[in-house]
Amino acid sequence: WGDSSSSASACWSCFSLVSGIGADQECPPGWSSHEGHCYKVFSEYKTWVDAEQYCTEQENGGHLVSFHNREEVDFVVKLGYTILKADIVWIGLRDFWRECHWEWSNGAQLDYKGWSDEPNCFIVYTVGNKWLHRKCSSTQQFVCKSPA
């Protein structure tokens with residue numbers, strides 16, 4: 001049977017491979033982990049307002065996804081494309097007061113910008129990492145983000 005320490009490390013290797021990229025014990029089943037947050041891609045089509053509401057109603061709370069660096073954008077874009085095979089998802093950015101005062105739906109200030117200056121709610125293309133505005137009343141698939 002061999003040495004128990006080698007069995008333990010073989011077992012750990014199996015767990016690491018099965019858990020996959022973005023899997024974490026701190027996130028609920030079906031959610032992916034990245035830098036202390038949990039993310040889930042939803043295939044339902046909802047307006048921006050309905051998608052944001054849906055995110056806040058999840059068991060771990062949350063909001064439509066917000067981005068604070070390029071690595072986070074890349075993680076979410078890859079996650080969205082892998083799960084949906086779709087190219088557009090809502091993100092939590094919109095001009096709440098229609099005065100170009102941009103903030104995320106969770107109240108965080110915009111500290112990373114990846115679009116040209118145009119108003120409305122925003123989507124991200126999961127191919128090409130481009131952010132574009134859409135009418136908030138249109139329906140898209142979406143990504144929720146919550147603290148781990």
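Count begins at 1; order follows the chain as displayed.
Each residue, glycine too, has its Cβ placed from N, Cα and C.
Annotation source Swiss-Prot lists disulfide bond at C27-C38, C55-C144, C121-C136. Residues or ranges marked as domain 'C-type lectin' by Swiss-Prot on the basis of sequence analysis: 34-145. Positions annotated as signal peptide by Swiss-Prot: 1-23.
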Local Cβ density at C136 (disulfide bond) - other Cβ atoms counted within 10 Å:
17
How many Å separate the Cα atoms of C27 (disulfide bond) and C136 (disulfide bond)?
29
Proximal residue to C144 (disulfide bond) among disulfide-bonded residues C38, C121, C136 (C-alpha distance):
C38
Summary of DSSP states over the domain 'C-type lectin' (34-145), given as helix, strand and coil counts:
24 helix, 40 strand, 48 coil
What is the separation, in Å, between the Cα atoms of C121 (disulfide bond) and C38 (disulfide bond)?
22
Test of understanding: give the count of other CB atoms lying within 10 angstroms of the CB of C38 (disulfide bond).
23
Inter-residue C-alpha distance, C55 (disulfide bond) and C136 (disulfide bond) (nearest angstrom):
16
